[in-house]
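Per TrEMBL, the features are as follows:
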BINDING   B:Thr158, B:Lys184, B:Thr195, B:Glu285, B:Asn408, B:Ser413  substrate binding site
ACT_SITE  B:Thr195  active site, nucleophile
2 protein chains.
Amino acid sequence: MSGSVSPLAPKTFAEMPALRGVRMATAAAGIKYKNRTDVLMMLFDRPASVAGVFTRSKCPSAPVDHCRQNLPGGIARAVVVNSGNANAFTGKKGREATRLTAEAAAKAVGCSEAEVFLASTGVIGEPLDATKFAGVLDELAASATQDFWFEAAKAIMTTDTYPKVATRSAEIGGVKVAINGIAKGAGMIAPDMATMLSFVVTDADIAPAALQALLQAGVEPTFNSVTVDSDTSTSDTLMLFATGAAAGDGQAKVEDAADPRLDGFRAALDDLLRDLALQVVRDGEGARKMVEVTVEGAENDAAAKRIALSIANSPLVKTAVAGEDANWGRVVMAVGKSGEMAERDRLAIWFGDIRVAVEGERDPAYSEAAATAVMQGETIPIRVDIGLGSGRATVYTCDLTKEYVEINGDYRS
Amino acid sequence: MSGSVSPLAPKTFAEMPALRGVRMATAAAGIKYKNRTDVLMMLFDRPASVAGVFTRSKCPSAPVDHCRQNLPGGIARAVVVNSGNANAFTGKKGREATRLTAEAAAKAVGCSEAEVFLASTGVIGEPLDATKFAGVLDELAASATQDFWFEAAKAIMTTDTYPKVATRSAEIGGVKVAINGIAKGAGMIAPDMATMLSFVVTDADIAPAALQALLQAGVEPTFNSVTVDSDTSTSDTLMLFATGAAAGDGQAKVEDAADPRLDGFRAALDDLLRDLALQVVRDGEGARKMVEVTVEGAENDAAAKRIALSIANSPLVKTAVAGEDANWGRVVMAVGKSGEMAERDRLAIWFGDIRVAVEGERDPAYSEAAATAVMQGETIPIRVDIGLGSGRATVYTCDLTKEYVEINGDYRS
């Protein structure tokens, strides 16, 4: 954990209500950190539907392999998460550690190992001593409570400077349901999917296949559209669980993601995912400004997103933002290097509401003072019109500061 | 120009001999900088063969467009280069500026505008006032001398902390020929092709098509294998000229790049290009360490290069190098995010001669002290064996330091 809280941190945190059907507990197992919690256990009172999306890294962590293997079962009873060690690139020892942890959790909960999901975050390549879990999981299972979301978010932090929580509610067929989520960043954040870890739970009664479809659609404009440093983690894990407790209020189980009864739920879920994803960006390592890059007029949406990511990941754009320099020439550079169709003489660029370039050159009405005023804000909107088609995408990132270099150069985070 | 010289700067500069058939002069035209030269004119006594490779940006500068248009003619009589303004994204005004400059140069030299080549480096998006050239080109053409290479290299610098020069000699059919080159960096450096600007001249007599083939082959393992910050310039220009003066010593003109008489010349040219490209990396903005990333055992050479670039461009790898942290987990991350075939359990990683990881986990003999000792050197060799095939590539980069953020955040460079 860094010493000082991000200047972009939320002024207040969401009040996290208890959510029926799930309980949590945390422990300080001394995996790497001292004097803080580093293990989270999440328990479902009854088998919950589960959906998940994971890193596209070709070298995923052992817990990611474990979750991918269990996901087709569609049922979760417990989740165990640790911070301080990613259990990635740990070979056979890593697989042994996930096996031991799942076994201990299954025993503590009284379920099958196939119903246990795992996630680890922290240093890559150091063996994870799973015996550190053995002593605490029984105790965690016994002491878990519903009203523990904020503590849960704190236990999974690494270089995060604040815990990330969000809550929403919706109606399914006239029955009120809730959605709670937690996430952690804060570096090695790039699509797809830029979250490191996030766990979202609803008390709605939704079948696993429908839940998976909802999550896959929801992740695209949210966690898959944020980047801190273009570096994709080996551990990225976003899981969505449905405890089904709302069935007790008469909510009829939804089997199909296209069911119109899910419209309100889908909107609430997407909104919550966006909230958590932006909290991750706003806590990007060393971040002092948030940048919202919108590309429109591209050949298609995928091209627009690639151009937006080229801008959002450009060190020269990000350092210019850090320096409050309205250096739109670097935006041109990033469009040009993206490899996507672009015609210099059709490009237009805005910083906030200030159009700085149009038709391949500086806007005739360009005002350095007006552009600089935009750069001095906390959120920097950059908009580019490619002028070729109707493709559109928005991507979120933060600036690149000396603090990012310090955080990542000065110790093994 | 930055205040202090890169710690990786050469201890001594090459003595640059005069090269028959080419003369140079520089001027201080006040394009952006004060109290320094910012215009270089290069003149060929007789029509020289010309070859060139340029940025792959979709938004190239007006001078790049100009050069591409003239290149098929194969003949050069003059080159005009300015620093301080890239004449990029300057629309019709930019094209008008290149036309005016080419016209003035052609008049000063007494040649066709199609025989004039142009390059500009500096800020993107600001109109370049070409009338600033008008007054100086006549004078430069009149005063140009052969013995002016070092001054030429100085006139094209922007954020470079030292001028980049190199010289080699070779024999073609028993006749001695020379090759001289200059280059500038120092940010917005990424394949392809990471040079910003470089001009190489030989007195050999080689036809344009052969020269172009030599240059295209030579650029791949050199300028196309260096990256400072993954940002590709709109202005990248590497040109190779052959004055043909060696014909006076009896060198028979070479028409075909495959001619075995060119073997020694090719080797000397490739070596000079490598020398200049590495000088660019060693002057990367804020650089304190050079990093040499070698990937072997990949599916093929192209895959090896993509993996090597993924490592070399990773902010987390580059900050770890800056912090002298042997954080090989980040190398695993960068392999994983490259999208290329890789199997965790076959990977092996070395820092210098120290194998830090093997068969998907930390090397059993891993010594933090030994790995850290490698990181404390000035050049950091990182080697990765993917263990799948025989693809191989080496890429050169530098570390990412607070100084990079400062240089690019604190003023419009």
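Backbone N, Cα and C define each Cβ position, glycine as well.
All annotation found in TrEMBL is predicted automatically rather than curated by experts.
Sequence features, as recorded in TrEMBL, placed on the structure.
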{"residue": "B:Thr158", "record": "substrate binding site", "DSSP (3 states)": "coil"}
{"residue": "B:Lys184", "record": "substrate binding site", "DSSP (3 states)": "strand"}
{"residue": "B:Glu285", "record": "substrate binding site", "DSSP (3 states)": "coil"}
{"residue": "B:Asn408", "record": "substrate binding site", "DSSP (3 states)": "helix"}
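Fewest Cβ neighbours within 10 Å among the binding-site residues B:Thr158, B:Asn408: this applies to B:Thr158. Using a CB-CB cutoff of under 8 Å against chain A, the binding-site residues that qualify from B:Thr158, B:Lys184, B:Glu285, B:Asn408 are B:Asn408.
In the shown protein chains, 27 other C-beta atoms lie within 10 A of the C-beta of B:Lys184 (substrate binding site). All protein chains included, B:Glu285 (substrate binding site) registers 29 other Cβ atoms within 10 Å of its own Cβ.
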